[in-house]
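**Student:** Got a structure here, written out as structure tokens. Questions coming.
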Amino acid sequence: MLNILKAIWSQLVTLVEVLRHTFSKADTVQYPEEMPYLAPRNRGRIVLTRDPDGEERCVACNLCAVACPVDCIALQKTEDEYGRWYPEFFRINFSRCIMCGMCEEACPTYAIQLTPDFEMCEYDRQNMVYEKEHLLISGEGKYPGYSFYNVAGKSIKNKDKGEARNESPPVDVRSLLP
Amino acid sequence: MPGWLIYFIIFGTIFGAFGGAAVLIWFERRLLGIWQDRLGPNRVGPLGIGLALADVIKLFAKEDWVPPFADKFVFVFAPTAIVMAMLLGFAVVPFAPGIHVIDLNIALLFFMGMTSLAVYSVMLGGLASNNKYALLGGLRSAAQMVSYEVFMGLSLMGVVMLTGSFSLVDIVNTQAEKGWFVFSQFFGFVAFMMAGIAESHRLPFDLPEAEHELVAGFHTEYSGMKFGMFMVGEYLGLILISSMICTIFFGGWLGPDFLPPIFWFTIKTFVFICFFILLRAAIPRPRYDQLMIFGWQYLLPLTLINLLVTGAVVLWL
């Protein structure tokens, strides 16, 4: 008998609790009109950034393509007249991409970066394949002022790292630790 | 009563019931949204009210398909039966003094007969579909409705004893003298409400449909307007049960004088419709054996004791 009364009481409490939600605000975000806040580190559309001089940061090392778990990145190395590497083509198939960010972590030059943009729907599947001209942006992305070639020098006979022309002092990796 | 008035009332009842059922499609989703901290439909027209119209257009425009393995005649007949039975049930509802289609002296029996006829619709629909899920849904609904009908009738007998009549108009008029029957017949009210939910197979007791187990239960094979008829029948049943609870236990059209009686009737019915939707939003579906145990082991003794006590009070006090 007590159990029955307890069960009935529990049902009534449920009804009252749900009825109280009449006065609570809906949790819905009306998406197309009302954009949700996305953190700057949100992993969305992938871009290729440029260094402060406006040159491509990508050195076509293929580490991103190797790191990519779904193999959606394809690129071809080529060299400019000074022997520096750059990609001849750089292609990301976004219909395969899972926005995991492995490529960004693998990139030694901060060239490939993920942005908070996620609105990439297309009616045609072919349009999901982004070529280099679609991926390249004119800015520096999340690492302003970073230039790979300025910090990538090598110590030679009389000059230590970062002392040659056009070089910045090397990054102190320990200071980056939290 | 002039001849044209009765036609006016008949058509008013039919269109009011259908219109109410159509608006309920929208209203129920909207209320469920509010109670589940969502918004509900809000795209078609102001507050999404256009959804009711859009749904009706969609149902009419869909392909009217009969599966080749179905029993064709019964398959087509089943959805019409529930709508007919429910609409006939509305015939005895007194909306206000003088505003009713017919004042039968067996109105309660007529109402219960009509709700029992709705069982055929669900059962035949499940049987004619020739589909195992539909068959299971039909079986369940037959057992559920037949067993809940038993004490649906018994729960009303207390009211009948106090009134001395089966006529709904008499029942309301008696409540003007004796007060609402929800106070003197509280357990009858509880049992009738439970049975009403089970009869119109609304959500806590919607085991004939049970989306999680039986795809869509008895209307698995139905589409287009035939499915629409089942849905309209369900909403008509909801309105009918609400108006019956309002008439039998909450004094029908009775209320303070500042509003006309039909408004009081509408307001009370509306409150019960909202309550049924609240039940749907709040309470999960029981298991099938629990449903049967609840009916036969708790509600049936409850109504019998209620009947006994009421009989004793009427006899000796």
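Glycine is treated like the rest: Cβ placed from N, Cα and C.
Okay, these came from TrEMBL:
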type	residues	note
DOMAIN	A:48-78	domain '4Fe-4S ferredoxin-type'
BINDING	A:Cys58, A:Cys61, A:Cys64, A:Cys107	[4Fe-4S] cluster 1 binding site
BINDING	A:Cys68, A:Cys97, A:Cys100, A:Cys103	[4Fe-4S] cluster 2 binding site
DOMAIN	A:88-117	domain '4Fe-4S ferredoxin-type'
REGION	A:158-178	region 'Disordered'
**Student:** Which one is it, among the binding-site residues A:Cys58, A:Cys61, A:Cys107, that lies nearest to A:Cys68 ([4Fe-4S] cluster 2 binding site) by Cα separation?
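**Tutor:** Answer for the nearest of the binding-site residues: A:Cys107.
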**Student:** Please report how many Å separate the Cα atom of A:Cys97 ([4Fe-4S] cluster 2 binding site) from that of A:Cys61 ([4Fe-4S] cluster 1 binding site), as a whole number.
**Tutor:** 19
**Student:** So if I exclude everything within five residues of the ends of the domain '4Fe-4S ferredoxin-type' (A:48-78), which remaining residues of that chain have a CB under 8 angstroms from its CBs? That is, six or more out.
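**Tutor:** Non-local partners: 84-94, 96-98, 100, 102-113, 132, 135-141, 143-149.
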**Student:** Can you tell me the three-state DSSP label for A:Cys103 ([4Fe-4S] cluster 2 binding site)?
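**Tutor:** A:Cys103 ([4Fe-4S] cluster 2 binding site) sits in a helix per DSSP.
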**Student:** Give the sequence-ordered list of residues that share a chain with A:Cys100 ([4Fe-4S] cluster 2 binding site), lie 6 or more positions from it, and have CB atoms under 8 Å from its CB.
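**Tutor:** Within the chain, A:Cys100 ([4Fe-4S] cluster 2 binding site) has Cβ neighbours under 8 Å at A:Arg43, A:Pro69.
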**Student:** List, in sequence order, those binding-site residues among A:Cys58, A:Cys61, A:Cys64 whose Cα sits within 10 Å of the Cα of A:Cys103 ([4Fe-4S] cluster 2 binding site).
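**Tutor:** Of A:Cys58, A:Cys61, A:Cys64, within range: A:Cys64.
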**Student:** Taking residues 6+ outside the region 'Disordered' (A:158-178), which of them lie with a CB under 8 Å of any CB in it?
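**Tutor:** Sequence-remote neighbours of the region 'Disordered' (A:158-178) are 147, 149-151.
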**Student:** Out of A:Cys64, A:Cys107, give me whichever of these binding-site residues has the highest number of other Cβ atoms within 10 Å.
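**Tutor:** Sorting the candidates by Cβ neighbours within 10 Å, the top entry is A:Cys64.
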**Student:** If the [4Fe-4S] cluster 2 site is taken as the center of the Cβ atoms of A:Cys68, A:Cys97, A:Cys100, A:Cys103, which further residues of that chain fall within 8 Å of it by their Cβ?
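**Tutor:** The surrounding set, listed in chain order, is A:Ile46, A:Cys64, A:Ala67, A:Pro69, A:Val70, A:Cys72, A:Ile73, A:Ile98, A:Met99, A:Gly101, A:Met102.
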**Student:** Using the centroid of the Cβ atoms of A:Cys58, A:Cys61, A:Cys64, A:Cys107 as reference, list every other same-chain residue with Cβ within 8 Å of it (recorded [4Fe-4S] cluster 1 site), in sequence order.
**Tutor:** A:Val59, A:Ala60, A:Asn62, A:Leu63, A:Cys103, A:Ala106, A:Pro108, A:Thr109, A:Ala111, A:Ile112
**Student:** Looking only at the domain '4Fe-4S ferredoxin-type' (A:88-117), what is the model's average confidence as pLDDT?
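**Tutor:** Result for the domain '4Fe-4S ferredoxin-type' (A:88-117): average pLDDT 91.
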